[in-house]
Amino acid sequence: MMSDYTWFEGIPFPAFWFSKEILENSCKKFVVKEDDLIILTYPKSGTNWLIEIVCLIQTKGDPKWIQSMPIWDRSPWIETGSGYDKLTKMEGPRLMTSHLPMHLFSKSLFSSKAKVIYLIRNPRDVLVSAYFFWSKIALEKKPDSLGTYVEWFLKGNVAYGSWFEHIRGWLSMREWDNFLVLYYEDMKKDTMGSIKKICDFLGKKLEPDELNLVLKYSSFQVVKENNMSNYSLMEKELILTGFTFMRKGTTNDWKNHFTVAQAEAFDKVFQEKMAGFPPGMFPWE
């Protein structure tokens, strides 16, 4: 069992998937092209749901692509070896995904017209989702309790480092025309509105019936049951009994798991780390 991290420039990555050589390539040699579309998230923020929506927008709601090709081939991960190789060989407009923090991302992005969609989720729900995810998969250090994981998370001692630094870094681009910020909570509350917002950002005009197909085939239950999207094809030796890649897909599940003391400790760190953002910036506040 690979239970430790590959550390790269101060950020921990799950050792099974990441070597320093792969990360060197992804962060320093990868060249972003003008017509690229990049989906960026911190882990466990709704990444697969967003990929599914974007794929369906590109096919105007036709589900054939999402039902026939694994999600990691439709939108390869820049920072994995296989994803990096696929992307460097890919012709035409590329769709890609990354969890990389801003300071590690290829500098070629910042002088390009490539479009970026950055999805943010309430970090308390991210934490709970990550706790259940990592406890069932053989890729990372296992916390002995949720309390331990809260401590790790608040210190940034988890895969891809600090949520707070990740968000602060990427949100510095929020005024750029080619950078769209979405919130998981807003997407859950008004999925169709979010689909239309993504269409506008991408310059895609979909008819009402096509928008309805995007909505239908990107629903949590449909994505959870799609073997091309739910990671059921993942190698069995990585998965422990009881694993499900997509667990609940809800908001505010953290309230079912945090103690009062944990909630207070989290709030204190959140206020300190996210000071300076305008009031009402985050929909869960």
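Including glycine, each Cβ sits where the backbone N, Cα and C put it.
Swiss-Prot has this to say about the protein:
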type	residues	note
ACT_SITE	His99	active site, proton acceptor
BINDING	Lys44, Ser45, Gly46, Thr47, Asn48, Trp49, Arg121, Ser129, Tyr184, Ser218, Arg247, Lys248, Gly249	3'-phosphoadenylyl sulfate binding site
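Taking Cα separation as the measure, the residue listed as 'active site, proton acceptor' is nearest to Lys44 of the binding-site residues Lys44, Asn48, Arg121.
When Cβ atoms from all protein chains are considered, those within 10 Å of Arg121 (3'-phosphoadenylyl sulfate binding site) total 27, not counting its own. In this structure, the recorded positions Lys44, His99 were compared by how many other Cβ atoms lie within 10 Å of their Cβ, and the smallest count belongs to His99. Its own atom aside, the Cβ of Asn48 (3'-phosphoadenylyl sulfate binding site) has 23 Cβ atoms within 10 angstroms in the protein chains shown. Long-range Cβ neighbours of Tyr184 (3'-phosphoadenylyl sulfate binding site) (same chain, at least 6 residues apart, Cβ-Cβ under 8 Å): Ser45, Gly46, Leu119, Ile120, Arg121, Asn122, Asp125, Thr251.
Packing around Gly46 (3'-phosphoadenylyl sulfate binding site) is summarised by its Cβ count: 24 other Cβ atoms lie within 10 angstroms of its Cβ, all protein chains included.
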